[in-house]
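Undergrad: Before we start, here is the structure in question, set down as structure tokens.
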Amino acid sequence: MAASIVRRLGPLVAGRGLRLRGGCVCNQSFKRSFATERQDRNLLYEHAREGYSALPLLDMESLCAYPEDAARALDLRKGELRSKDLPGIISTWQELRQLREQIRSLEEEKEAVTEAVRALVVNQDNSQVQQDPQYQSLRARGREIRKQLTLLYPKEAQLEEQFYLRALRLPNQTHPDVPVGDESQARVLHVVGDKPAFSFQPRGHLEIAEKLDIIRQKRLSHVSGHRSYYLRGAGALLQHGLVNFTLNKLIHRGFTPMTVPDLLRGVVFEGCGMTPNAKPSQIYNIDPSRFEDLNLAGTAEVGLAGYFMDHSVAFRDLPIRMVCSSTCYRAETDTGKEPWGLYRVHHFTKVEMFGVTGPGLEQSSELLEEFLSLQMEILTELGLHFRVLDMPTQELGLPAYRKFDIEAWMPGRGRFGEVTSASNCTDFQSRRLHIMFQTEAGELQFAHTVNATGCAVPRLLIALLESYQQKDGSVLVPPALQPYLGTDRITTPTHVPLQYIGPNQPQKPRLPGQPASS
């Protein structure tokens, strides 16, 4: 693959500040221009162009067959592209396909000419061959073919880049039953349980947790920045309990446990339908002057998809179900929404489900329903009141064909809040990352991928603390978590909470060696 790309791009790279290194096309000004040009690049295309992977095989045939439907669907979703961009993408694809067919035909003819010349050389001595009109004609035709290919390869590379830089921004197709519009148009599918009743005004989770000294979020801007937090004692045990409760349930149901890297290349993010180069982005980018193209994952979905990237699985092993607990990092934009509390934070622990299925919507849709059923089972066993939403077109992002969210009731906030999400990405991710399965006959086909939240710890902590709070300030522990905490109630701590001794306080304590104030 790399050799083929180098051969074809050779005449083109010289004029673009590139040189060939070890079979790859390498930009000598890459590190110098990374910070300023990164947002204009497509790492997924570059990854393939440099020979590390095959080019994404987008389903352009379906798009070209029903362009009007694709254009309507494009306008109903959020994203950079609109229906007016579609004709240009299609025409570029068609031109590229015709050019590749022309190149393929010439390459086949070139091979045939080479074989014919070789046969003449074998059957005649050198002096006879040089005088043979057929030999001279074949040599002339060979030179003409090479000349044509030398002109066509750069054109192919230019069209290829033009196509992929736009086509890779196209979203997945949309399920016909998905509601149209923004999040306000979400369709309620199920409502489970009842709102907890209180004989007092319910408090918010942060007020509850600070009095129990199990969450600390104050005075951390100089320690770990805004939207960070500490969990202590029962707070930490609640996190471990939620993670272990979820992992145990899913492993018992046949899921394979995984751990994944927190640092991943941008190509994996883009293959999953995320944009590490967006401005602003929710993805933390590691300093490119030291570590070229490394990013902190905001979900284990990225690492799990990367595990299957450029690999095939056996058909008999489908569907594959993976589960992973990881720390997630998200650069939440400073919109002023939820500035305090655990609802929007920069780091949190989450258990993620990830599935790989065979082709066809039936199999991936069944797995999506299975994941949703497991989510509902987990929340039901935790005793939470929640509702299941069929998310509308503008909430699907790039990769989702269909997406279900679950919102749990949070009494202190006085409203529902999202706690889980489940998406069927069909073959959107697999076509970009080459996640495939091998049939019994040995044929490779693109798989479908499905992902779902198993347990997002901070938001479940909100729902649990606010739903199980008591008038005396204690919090009941749901039976499902009691084995992990060793108690049925979280009560006021027996220890003395930390006392702040830093600046900006009304009455400062006397430090060692400091004279008493008069």
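Each residue, glycine too, has its Cβ placed from N, Cα and C.
Positions annotated as transit peptide by Swiss-Prot, on the basis of experimental evidence: 1-34. As annotated by Swiss-Prot, N6-acetyllysine applies to Lys110. The annotation N6-succinyllysine is assigned in Swiss-Prot to Lys195, Lys337. Taken from Swiss-Prot, the feature L-serine binding site applies to Thr299, Ala300, Glu301, Glu352, Thr453. Here Swiss-Prot flags Arg330, Ala331, Glu332, Val345, Glu418, Val419, Thr420, Ser421 as ATP binding site, drawing on experimental evidence. Residues or ranges marked as region 'Disordered' by Swiss-Prot: 497-518.
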Undergrad: Give me the count of other Cβ atoms within 10 A of the Cβ belonging to Arg330 (ATP binding site).
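TA: Within a 10 Å radius of the Cβ of Arg330 (ATP binding site) lie 19 other Cβ atoms.
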Undergrad: Whole-number answer please: how many Å between the C-alpha atoms of Lys195 (N6-succinyllysine) and Thr453 (L-serine binding site)?
TA: 23
Undergrad: In sequence order, which same-chain residues at least six apart have a C-beta under 8 angstroms from Val345 (ATP binding site)?
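TA: Listed in sequence order: Arg227, Ser228, Tyr229, Arg330, Glu332, Pro458.
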Undergrad: Which chain-mates of Glu352 (L-serine binding site) that are at least 6 residues away have a CB under 8 A from its CB, listed by sequence?
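TA: Spatial neighbours, sequence-distant, of Glu352 (L-serine binding site): Thr299, Ala300, Glu301, Leu304, Val323, Cys324, Ser325, Ser326, Asn451, Ala452, Thr453, Gly454.
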Undergrad: Among all protein chains shown, how many Cβ atoms are found within 10 Å of the Cβ of Glu418 (ATP binding site), not counting that one?
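TA: For Glu418 (ATP binding site), the count of other Cβ atoms within 10 Å is 16.
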Undergrad: Around Thr420 (ATP binding site), which residues of its chain at least 6 apart sit with Cβ under 8 Å of its Cβ?
TA: Gln375, Leu379, Asp405, Ile406, Ala452, Thr453, Gly454, Cys455, Ala456
Undergrad: Can you tell which of Thr299, Ser421, Thr453 has the least company, meaning the fewest other C-beta atoms within 10 angstroms of its C-beta, among these binding-site residues?
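TA: Among the binding-site residues Thr299, Ser421, Thr453, the sparsest Cβ neighbourhood within 10 Å belongs to Ser421.
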Undergrad: Do any residues at least six apart in sequence from Val419 (ATP binding site), in the same chain, have a Cβ closer than 8 Å to its Cβ, and if so which, in order?
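TA: Spatial neighbours, sequence-distant, of Val419 (ATP binding site): Leu379, Phe386, Ile406, Glu407, Ala408, Thr453, Ala456, Arg459, Leu460, Ala463.
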Undergrad: List nothing but the one residue from Ala300, Ala331 whose Cβ has the fewest other Cβ atoms within 10 Å; the candidates are the binding-site residues.
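TA: Checked Ala300, Ala331; of these binding-site residues, fewest Cβ neighbours within 10 Å: Ala331.
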Undergrad: Beyond the listed site residues Thr299, Ala300, Glu301, Glu352, Thr453, identify every same-chain residue whose Cβ lies within 8 Å of the center of their Cβ atoms for the L-serine site.
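TA: Everything else in range on the chain: Val302, Leu304, Cys324, Ser326, Cys328, Lys350, Val351, Met353, Phe354, Asn451, Ala452.
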Undergrad: Using a 10 Å cut-off, grab the number of neighbouring Cβ atoms around the Cβ of Glu332 (ATP binding site), all chains included.
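TA: Glu332 (ATP binding site) is surrounded by 16 other Cβ atoms within 10 Å.
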Undergrad: Long-range same-chain neighbours of Lys110 (N6-acetyllysine), Cβ under 8 Å, sequence gap at least 6?
TA: Gly142, Ile145, Arg146, Leu149
Undergrad: Quick one, of the recorded positions Lys195, Glu301, which Cβ has the fewest other Cβ within 10 Å?
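TA: Result for the recorded positions Lys195, Glu301: minimum number of other Cβ atoms within 10 Å at Lys195.
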Undergrad: Would you mind pulling the longest C-alpha to C-alpha span across Arg330, Ala331, Glu332, Val345, Glu418, Val419, Thr420, Ser421, which the record has binding ATP, in angstrom?
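TA: Among the residues the record ties to ATP, max Cα distance equals 19 Å.
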Undergrad: On the Cα atoms of Thr299, Ala300, Glu301, Glu352, Thr453, which are listed as binding L-serine, what is the maximum pairwise distance in Å?
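TA: Answer in Å: the longest Cα-Cα distance is 10.
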